[in-house]
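Asks: I have a structure I would like to understand better, so I am pasting it below and will then ask my questions one at a time.
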Amino acid sequence: MTTATQSSAPGVNVDQAEVEKFSALAARWWDPESEFKPLHAINPLRLGWIQETAGSLSGKRVLDMGCGGGILSESMAVAGAQVTGIDLAEKSLKIARLHGLESGVKVDYRAVPVEELAAEQPGQYDVVTCMEMLEHVPDPASVVRACAALAKPGGWVFFSTLNRNPKSFLFAIVGAEYVLRLLPRGTHSYDSFIKPSELATSARQAGLEPTGMRGMEYNPITQVYSLSANTSVNYLMSTRK
């Protein structure tokens with residue numbers, strides 16, 4: 001995997017600029033017409049894919065790494081999982097907790113680096129999700145290792161991120177951020193995108209075996225997202241420990 005040059009506290013795998021970027025938008029996490037509209041739109045696809053692969057989430061311990069305002073965390077909790085959501089953007093976690101209180105959905109939100117949690121709770125989770133997150137940290141391979149450590153033997157770890165090629169630059173940055181304005185400008189850095197082969201290598205090195213991959217596409221005419229076999233831009237990868 002490529003590693004972007006980022007500013008972060010010594011020993012902590014975090015890009016402070018990324019944390020501040022999402023903190024500035026925290027109040028709008030649950031507005032389906034805000035900058036987070038794409039996440040609301042793709043969430044049913046993500047949840048369905050996780051359930052299709054890992055089976056029912058009812059009663060399972062699930063970790064949502066990089067949970068932000070809790071969009072995926074809450075939906076997995078509604079599906080019956082015992083969910084822990086972690087993020088380093090305190091403002092986003094505050095919004096997640098408030099929304100959980102309003103909706104009556106119980107999720108344990110914590111501000112802790114995933115590497116620290118892995119040392120604290122190794123092998124404790126049936127399912128670990130790391131969605132739209134790897135491209136926002138200085139050392140994605142470290143996150144993959146931590147996710148693997150947190151999963152139980154036989155547990156599932158799910159990733160989603162962006163492929164790195166000319167098409168993904170055109171679609172995910174030029175198209176999504178500048179033409180269609182689906183995302184704020186500067187949301188993504190092309191150098192931080194990760195090829196599926198790179199993610200698969202990091203997963204195997206961490207003791208995870210990739211089991212499947214799906215692409216995610218957006219139709220600007222119908223404004224609908226769908227899963228597909230096309231992994232050239234957005235893709236999801238399932239792995240098992």
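Glycine is no exception: its Cβ is also placed from the backbone N, Cα and C atoms.
Here's the feature list from Swiss-Prot:
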- R46, G66, D87, M131: S-adenosyl-L-methionine binding site (BINDING)
Asks: Widest Cα span across the S-adenosyl-L-methionine binders R46, G66, D87, M131, in Å?
Replies: 19
Asks: Looking only at DSSP and grouping its letters into three states, which state does M131 (S-adenosyl-L-methionine binding site) belong to?
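Replies: Its secondary structure by DSSP: strand.
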Asks: Count the other Cβ atoms sitting within 10 Å of the Cβ of M131 (S-adenosyl-L-methionine binding site), across every protein chain shown.
Replies: 22
Asks: Is G66 (S-adenosyl-L-methionine binding site) helix, strand or coil when read with DSSP?
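Replies: Going by the DSSP assignment, G66 (S-adenosyl-L-methionine binding site) belongs to neither helix nor strand, so it counts as coil.
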Asks: Can you check which residues sit near R46 (S-adenosyl-L-methionine binding site), meaning Cβ under 8 Å from its Cβ, same chain, 6 or more apart in sequence, and list them in order?
Replies: L72, T129, M131, S160, L236
